[in-house]
Amino acid sequence: MESLNALLQGMGLMHLGAGQAIMLLVSLLLLWLAIAKKFEPLLLLPIGFGGLLSNIPEAGMALTALESLLAHHDAGQLAVIAAKLNCAPDVHAIKEALALALPSVQNQMENLAVDMGYTPGVLALFYKVAIGSGVAPLVIFMGVGAMTDFGPLLANPRTLLLGAAAQFGIFATVLGALTLNYFGLIAFTLPQAAAIGIIGGADGPTAIYLSGKLAPELLGAIAVAAYSYMALVPLIQPPIMRALTSEKERKIRMVQLRTVSKREKILFPVVLLLLVALLLPDAAPLLGMFCFGNLMRESGVVERLSDTVQNGLINIVTIFLGLSVGAKLVADKFLQPQTLGILLLGVIAFGIGTAAGVLMAKLLNLCSKNKINPLIGSAGVSAVPMAARVSNKVGLESDAQNFLLMHAMGPNVAGVIGSAIAAGVMLKYVLAM
């Protein structure tokens, strides 16, 4: 009987909590959205599978060595950790003390747990290497740069303003999160509000990079919200675009884009990086990788490197990035009131960014002979190239011969630049406080 009892107690099913069961269902939902509905499958599939692995009871695949120690509830070991942190020797008190401790102290406690015989789970290791270091989002940004054509933006520089206007959704959402906190509805700190706000940029790697720096405890919810809403751009944007434009405005035909020279395309990423990085060094990591990837593409002298970055490298990193985000889909981190706030603020951020881009296009038309179709303003959110395709689709509904795709790629690419700069602004001023 003892052997049978030990066997039963060793089964993960016997230790399955309500929170873990809910998160397993959430992870299955993400897999269904990725496979059946094709919602951002490149990220949602590994994120969903990472969520499954993270919530298997007793497996500990997403736990660090210290978290494994705390889950083991050994009184003697807890007493040693508590003595180092000057707190009560119980799990709750130790977690609170760790949350307030300096990173150096947290690392010291992690090393102490390793010395006691605990090892981090494989997903925790993935997270430390891929996101904790900030490497994975930066490599993906390099790949995105290698796949980006700045031609439409250079051919019509005014569209840079549309991309900039769309970033208004980011800062409006930061204010929204702080407002929720002010009225006591949902508690958000300033770093958490900044990390949530970047969802409005519709740029997954930037959202992961910034939340990993400012609010790693919210990374899972922020990443899921960012990629889910990016997939829902064809549903979120059109009603806003139609509401803010007249039939006449939607029929505006834009002049043919000029041909952009090879020299312009080579110089642009270098000049862009120097201008922005010298003024805002905190934006240099994201924008630097983006511009480097684009320079490899446009220079034409490193085609092998450019091809590797666009295909093999970005695919490999995407796998580990998704699994690493899935490591944060654990019940005690995800099933919080803050998650609902993140999902609500995320969709509001998309809406405000879309509206701001459209309204900026209408404003530019007041002082310009060459009219801009306001529909391309919505492409200022950096969901590349989906937002540009949505602008083209809505335009074709009003005029079947009015093709806006290439025009919309200008603000779409500008949105990528804008979201990277916005992330740099957040890092500079939030971390300085």
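Cβ atoms here come from the backbone N, Cα and C positions, even for glycine.
Listed features, source Swiss-Prot:
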type     : residues : note
TRANSMEM : 13-35    : transmembrane segment
TRANSMEM : 42-64    : transmembrane segment
TRANSMEM : 125-147  : transmembrane segment
TRANSMEM : 160-182  : transmembrane segment
TRANSMEM : 214-236  : transmembrane segment
TRANSMEM : 266-288  : transmembrane segment
TRANSMEM : 308-327  : transmembrane segment
TRANSMEM : 339-361  : transmembrane segment
TRANSMEM : 413-432  : transmembrane segment
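If you count C-beta pairs under 8 angstroms between the transmembrane segment (266-288) and each of 160-182, 308-327, 413-432, the highest count goes to 413-432. Counting C-beta pairs under 8 angstroms (sequence separation of 6 or more), the transmembrane segment (413-432) reaches the transmembrane segment (160-182) with 3 or more such pairs.
Against the transmembrane segment (339-361), stretch 160-182 has more CB pairs under 8 A than any other of 42-64, 160-182, 308-327.
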